[in-house]
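I'd like to ask you about the structure that follows.
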Amino acid sequence: ANSSDLASFKKPNSPFQPTKPDSELKVEKDGVSDSESKVDSGVPEVPVPADDTPEVLNKALSGLSSRWKNWWVRGILTLAMISFFFFIIYLGPMVLMMIVLCVQIKCFQEIITIGYSVYHSYHLPWFRTLSWYFLLCVNYFFYGETVTDYFFTLVQREEPLRILSKYHRFISFALYLTGFCMFVLSLVKKHYRLQFYMFGWTHVTLLIVVTQSHLIIHNLFEGMIWFIVPISCVICNDIMAYMFGFFFGRTPLIKLSPKKTWEGFIGGFFSTIVFGIMLSYVMAGYRYFVCPVEFNNDSNSFQVDCEPSDLFQLQDYALPSILESITGWTTVRLYPFQIHSIALSSFASIVGPFGGFFASGFKRAFKIKDFANTIPGHGGIMDRFDCQYLMATFVNVYIASFIRGPNPSKVIQQLLALRADQQLHIFNSLKAHLTEKGLSMQNSLF
């Protein structure tokens, strides 16, 4: 946040700045304090941020109105970000995971900085230190779980990793408990309420940012197509909603975002559906995108190679009679994933924008226009990823509910970690089960 943003936190009517100790706060009959009623009495004024547009763009676009200048700045920076997105896809899944981690840290920093601006005015100890400590703890827990799950053979091969894996959850809990005790010891008389506000602030930020960024990585392991298509659908909806709203927008959509219009919302929806179907058709034909990302223990590297599942095999679908009369076709050849892409595109264009509305309400509550000034014309990284995190959660739930089945390789990994007598017991049980089903062990197992 810029200097004008920080100043807004020091106003007497800020909900995070009590002017009296807790015991002296006067509450009106309806249960709302004077300061809260003043804050909520109207829409907070959003300060105008400093112009962070690069000088070269300012000179090139100096003859345009502010409306068209902003259109060109956003357009040029959007093309640059899309180009960078394609570049990191080319670099492979490992680089994508590192980018997700970097984006997560930057989003966390932008949100915590807002809270720190309030907290710092009281010179209360350890807030920023504890916030980053909790970020470290949560990432240690989630990435430790991921390493144990997807790199099981490597973990079992190295003694230190095997010990860390075995006691991973206990270590994670001990680290969190240390931070919890540090927070209790940092409590300062007369500011308890403010400190617990900030404690909750940190944990909600962790829930929104870290947990959902971890789900993005899980989606990536299912196949890069589950990472690229949802993100691309959100980007497409954002761009097309802006374009339709810019040229045709007349009807306001929601008060939290006055510039959002129904024309942009509807235009973005249909554009995203078409885009999702087309992108899915192109990507479903390449193993590099559809195969799960797995770790090759022989080469100690990631590999993306498999026999594509039925989800990525072209199939014939009969058209409804209405479409048949219009097109003259009786059937159409599609990848089953394209049908799933309609669900992904619909969520990205109907529910996804509510992540942006939520972020708009948050920014208005604290009288800031953007989370940061990282990207000219776009704000901070969090301003660009407010919808992506919600989308990541939906994709993860969708895969678990409708796509993912039992994974034989993971079952085998767990069996290999058992003692010899336990493995033999499971073998005999499986043999008896198959015999009862009338299957020949010689043909089925050997």
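Every residue gets a Cβ built from N, Cα and C, even glycine.
Computed from a predicted structure; not experimentally measured.
Here's the feature list from TrEMBL:
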REGION    1-51  region 'Disordered'
COMPBIAS  21-39  compositional bias 'Basic and acidic residues'
TRANSMEM  126-143  transmembrane segment
TRANSMEM  170-188  transmembrane segment
TRANSMEM  195-217  transmembrane segment
TRANSMEM  223-244  transmembrane segment
TRANSMEM  265-289  transmembrane segment
TRANSMEM  337-359  transmembrane segment
As a test: from 126-143, 170-188, 195-217, 265-289, pick the stretch that has the greatest number of Cβ pairs under 8 Å with the transmembrane segment (223-244).
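Checked against 126-143, 170-188, 195-217, 265-289; highest Cβ contact count belongs to 265-289.
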Tally Cβ pairs under 8 Å between the transmembrane segment (195-217) and each listed stretch (126-143, 170-188, 265-289), then give the stretch with the top tally.
126-143
Six or more residues beyond either end and a Cβ under 8 Å away: which residues meet both conditions relative to the transmembrane segment (170-188)?
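Distal contacts: 124-127, 130, 133-134, 136-138, 140-141, 144, 164, 195, 199.
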